[in-house]
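This report concerns only the one structure given below.
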Amino acid sequence: MGISMGKSMLVLLTFLAFASCCIAAYRPSETLCGGELVDTLQFVCGDRGFYFSRPASRVSRRSRGIVEECCFRSCDLALLETYCATPAKSERDVSASLAVLPDNFPRYPVGKFFQYDTWRQSTQRLRR
C-alpha cells in the first residue's frame with residue numbers, strides 16, 4: 001500500500017505553498033520606498049498627517065529620516081507611527097478651553113451700546 005509519486009509530490013507542494021504563505025504573513029517588517037512609503041504613511045497616520053523626519057523630541061544621536069529607516073532598512077508599524085504628526089485640536093474639541101463662570105458673576109452688559117434702549121435711542125436720533 002504505497003503512496004504514488006504524484007500524490008506525494010502534490011502533498012509536498014501543498015505543504016510548501018501553505019508554509020510560504022504563513023511565513024510571509026508573519027514577517028514583521030518590510031522595506032518601503034517612494035510612493036509606497038507615502039501611501040503607507042497616509043494609511044497609518046490618517047488625518048493626523050506625518051513627518052519625513054522625526055520631531056525634535058524623538059531624535060536619537062544619529063538623526064535619520066523615514067527614507068533611511070524604511071527604504072534602506074526594514075521598518076515595522078511601530079516605527080511608522082513614530083513619524084505621524086500629533087493631532088491638531090479640532091474646532092469642536094473645546095472641552096478643555098471652556099471657562100465656567102461663577103454663579104455670582106454679573107450678567108449685565110458692559111459697554112455703551114449693549115443695552116437695547118440706548119441703541120434704539122441713538123438710532124432714532126440718526127433718523128431725524
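Yeah, the Cβs are placed from backbone N, Cα and C, and that goes for glycine too.
Per Swiss-Prot, the disulphide partner of C75 among C70, C84 is C70. Out of C71, C84, the record in Swiss-Prot bonds C45 through a disulfide to C84.
Within the set 65-85, 107-127, the record from Swiss-Prot flags 65-85 under the feature region 'A'.
Here the region 'A' (65-85) has, by DSSP, the following mix of helix, strand and coil residues: 10 helix, 3 strand, 8 coil. Residue counts for the region 'B' (25-52) under DSSP, split into helix (H, G, I), strand (E, B) and coil, are 16 helix, 2 strand, 10 coil. Within the set of disulfide-bonded residues C33, C71, C75, the entry lying nearest in space to C84 (disulfide bond) is C75 (CA atoms). Comparing CA positions across the disulfide-bonded residues C45, C70, C75, the one lying closest to C33 (disulfide bond) turns out to be C70.
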